[in-house]
């Protein structure tokens, strides 16, 4: 696709439980900021079944136009079908850039589209700016220890996955226009299909959407002590997170892992208990609005990113913390 014929920013909006996922709303915010700077428009695309309410919600999150493809064929995510349908829309709209939330599905979808259009893909974008001719995307390397600026100078569209928590979603704005479209995906475009799903019997953990996360690390000492992390999370109406060492020690299932090799999170409040702050963990929590860290090592890296740091043994601090929360809640 020639850069002289492209205009506007297209954002693929992923849905969960009938609503846009958080990082898709953040991708819309990134698109809105850049499109406004260039005097262009934001086009949101939704694929799914029964998506009327989701389309209406998306229209208030910074999109000028919402293309809604409401079809049972897209009721369950299929990578090939989604890539083909989105590819058809991209060919018709000719956007200058395509933004996709950095979910598991989004990280599969973006490079597939980049290959189709023979263009570049900036992954895990943490910031974006308008350059002379191209967008400049800031992405992390080496577990977040290094940041680099990436641009896609010739090919179009410029494709990027947006890191969770990197952009703040647009507060409800004037609703954009909703357009209903029909897309047909050829049978031979779908190379892989899910023939059977086996649901793991485990508690539901939605770290990426959580507003409060209480996380524990190896500093908690044992599975019995880790229960205090769970107790505090329950009191605060939050979700339990953990570092890889805590998971490898068998204190909590792997679906609670936060960090580069787990979930990238962006809660309003993140409480780190007995977590020293390895690079891989810190890179997964930088989108948090407010971080409270409890660690007995005053030189622990976690304190470099914390808004409030408590130097002390988490095993002694947490019981007092929990009691104070209970007192406040009892008096409320």
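Including glycine, each Cβ sits where the backbone N, Cα and C put it.
Per TrEMBL, the features are as follows:
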BINDING   218, 243-244, 257-261, 274-281, 295  FAD binding site
DOMAIN    9-198  domain 'Electron transfer flavoprotein alpha/beta-subunit N-terminal'
Structural state of residue 281 (FAD binding site), classified by DSSP into three states: helix
275, 278 as binding-site residues, winner by CB count within 10 A: 275
Cβ neighbour count (within 10 Å, all chains shown) around residue 281 (FAD binding site): 28
Among 257, 260, the most crowded of the binding-site residues [Cβ within 10 Å]: 257
Proximal but sequence-remote residues of the same chain as residue 218 (FAD binding site) (Cβ under 8 Å, at least 6 apart): 243, 245, 246, 249, 274
